[in-house]
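The substrate binding site annotation in Swiss-Prot covers T49, C50, N51, R52, S109, E114, S115, Q116, Q120 and is backed by sequence analysis. Taken from Swiss-Prot, the feature active site, nucleophile applies to C50. What Swiss-Prot records for H99 is site 'Important for activity'. Residues or ranges marked as region 'Disordered' by Swiss-Prot: 196-215. Marked as NADP(+) binding site by Swiss-Prot on the basis of sequence analysis: G226, A227, G228, A229, V230, G231.
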Amino acid sequence: MSLLVVGLNHQTAPTSLLERTSVSAEDIPKVLHDLAEGTHVSEAVVLSTCNRIEIYAEVETFHGGVADISDQLSRICGIDLGDLAGHLYVHHEARAIGHLFSVVCGLDSMLVGESQILGQVRTAFRAGQAAGVAGSALSGLFQAALRVGKRAHSETSIDAAGASIVSVGVRLAASGLGLHSEVPAVPVAPPGGRALDGGGVAAEGPRHAVTPEPPPLAGTRVLLIGAGAVGSLAAQTVRRAGAGEVVIANRTAARAARVAEAHEARVVGLTDLAHEITMADLVISSTGASGLVVEHELVAAALPGRAGRPLVFLDLALPHDIDPGVRELPGVSLIDLDALRIALDGAQVTHDVEAVRALVAAEVASFLDRRRAGRVAPTVVALRAHAAAVVRSELARLHTRLPDLDDREWSLVEGSVRRVVDKLLHAPTVRVQELAGAPGGDAYAEALRELFDLPREVPAVVSAPDLDLLERS
């Protein structure tokens with residue numbers, strides 16, 4: 001049995017392919033049961049978000065597990081496996097554990113450091129549990145991953161890294177509008193500390209009088225479509241960039257109102273998009289809609305009222321919110337996630353990202369030690385149960401041969417036999433648990449099973465006199 005993850009994400013697949021991979025919450029139980037009914041997958045969890053689809057599994061065999069999961073992903077995407085294979089990644093054991101820990105910390109997200117993935121991983125795990133397909137192996141893995149994710153966000157300022165993609169998008173948008181394009185970094189308070197500036201240094205007041213650069217979005221009107229985590233971050237970013245007016249359109253008015261209150265914005269309904277696009281300079285969209293939110297015809301109808309002013313769309317959604325065809329319209333620019341991915345290729349890795357990577361590495365090592373020790377525990381229990389049975393049998397035989405011993409004498413004999421057996425077992429059982437943490441540690445447990453002809457199933461019931469032998473290790 002081993003851990004395995006097979007999937008594709010924004011780093012391995014184009015946006016056009018990722019748009020076809022989403023699995024609804026209603027369909028996940030069927031996907032899980034289809035996997036479990038195969039011969040190679042014993043446990044499974046499906047993680048499906050805007051930027052990835054991954055199947056984590058405990059598998060009987062590596063190659064069989066990869067084949068079963070890859071076939072399932074092919075069916076989900078509606079793409080021939082031969083065409084899909086080039087976009088898939090496969091991680092096994094330590095690399096699978098490290099991948100999940102990195103994902104839950106936001107290190108593998110398009111928006112690095114974003115915390116929404118923590119809730120998405122929790123939801124995926126609960127769906128696996130509800131379907132009865134996430135057993136003890138994946139339960140231990142996902143519970144550990146969620147703890148690591150919480151530590152990353154509470155003990156570091158990894159959230160600050162998440163602001164980078166929005167800041168880069170706004171910088172590109174300001175450039176598209178012909179404006180100064182240096183966007184101030186969004187300050188993020190470190191755990192127990194002051195707000196950090198863009199370089200990770202506690203911000204202080206200026207020491208010398210300087211002539212400030214004009215805000216990159218000074219005097220502009222910004223329309224935000226979507227009020228989720230990315231939309232809220234976008235509102236904060238454009239406000240710091242000096243936007244003159246911020247308008248928020250969202251399907252849920254109450255959520256939009258909360259974001260608007262925090263960032264001095266105005267709320268409109270989605271039915272008002274045509275008018276608001278006519279008035280806006282920059283439109284940033286980040287909804288979770290399954291189809292287009294802003295279509296070509298809607299934008300074309302808004303252009304006559306703009307008097308030739310440039311209009312920039314920043315599409316942070318996946319699947320796309322903005323019709324790619326708007327690029328063909330005069331005076332209209334579109335910046336999408338693919339463009340942002342290129343712009344971010346050379347971005348400097350922040351100190352907090354490195355801190356989280358170190359945290360992940362340490363937690364992976366700790367989890368592997370626990371996992372290996374857990375694998376050898378049944379062998380230790382079986383060995384001590386076997387020894388206890390032998391002691392019990394031999395003491396019974398000895399008792400019939402020495403019927404004249406009184407209780408005190410018999411107690412001394414019984415104690416001596418048990419101590420001898422316990423001392424003989426102590427070194428091998430302790431050593432095999434130590435060796436279990438090393439690569440190939442399972443082989444030592446298997447050797448004990450073969451040498452002592454131990455059963456594969458751990459005894460469920462042990463009599464009270466044998467408890468000492470079973471519990472010592």
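Glycine is no exception: its Cβ is also placed from the backbone N, Cα and C atoms.
Fair warning: this is a prediction, and the values are worked out from it, not measured in the lab.
Shown here: features listed in Swiss-Prot, placed on the structure.
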residue	record	contacts (Cβ under 8 Å, 6+ apart)
T49	substrate binding site	I117, Q120
H99	site 'Important for activity'	V5, H91, D108
G226	NADP(+) binding site	A249, N250, S285, S286, T287, G288, A317, D321
A227	NADP(+) binding site	I248, N250, T252, R255, A256, R258, V259, A260
G228	NADP(+) binding site	Q116, R255, S286, T287, G288
A229	NADP(+) binding site	E114, S115, Q116
V230	NADP(+) binding site	L111, E114, V166, S286, L316
G231	NADP(+) binding site	L224, I225, I248, N250, V259, I284, S286, T287
Problem set entry | Number of Cβ atoms other than its own within 10 Å, given for Q120 (substrate binding site) | 17
For this session: Around the Cβ of S109 (substrate binding site), how many other Cβ atoms lie within 10 Å? Please give the count over every shown protein chain.
Result: 25
Exercise. By a simple count, how many Cβ atoms lie within 10 Å of the Cβ of S115 (substrate binding site), its own Cβ left out?
Worked result: 19
Seminar exercise, completed: In the three-state DSSP scheme, H99 (site 'Important for activity') belongs to helix
Problem set entry | Nonlocal neighbours by CB distance (under 8 Å) for N51 (substrate binding site), same chain, sequence gap 6 or more | N9, H10, L18, S109, M110, L318
Exercise. To test your reading of the substrate site: which residues beyond T49, C50, N51, R52, S109, E114, S115, Q116, Q120, same chain only, put their Cβ within 8 Å of the Cβ centroid of those residues?
Worked result: G106, M110, L111, I117
Exercise. Under 8 Å Cβ-Cβ from C50 (active site, nucleophile), six or more apart in the same chain: what's there?
Worked result: L18, S22, G288, A317, L318, P319
Exercise. How would DSSP class the residue listed as 'active site, nucleophile' in three states?
Worked result: coil
Seminar exercise, completed: If we take the residues T49, C50, N51, R52, S109, E114, S115, Q116, Q120 that the record assigns to substrate, their largest CA-CA distance in Å comes out at 15
Exercise. Relative to the mean position of the Cβ atoms of G226, A227, G228, A229, V230, G231, the recorded NADP(+) site, which additional same-chain residues have Cβ within 8 Å?
Worked result: L224, S232, L233, A234, N250, V259, S286, T287
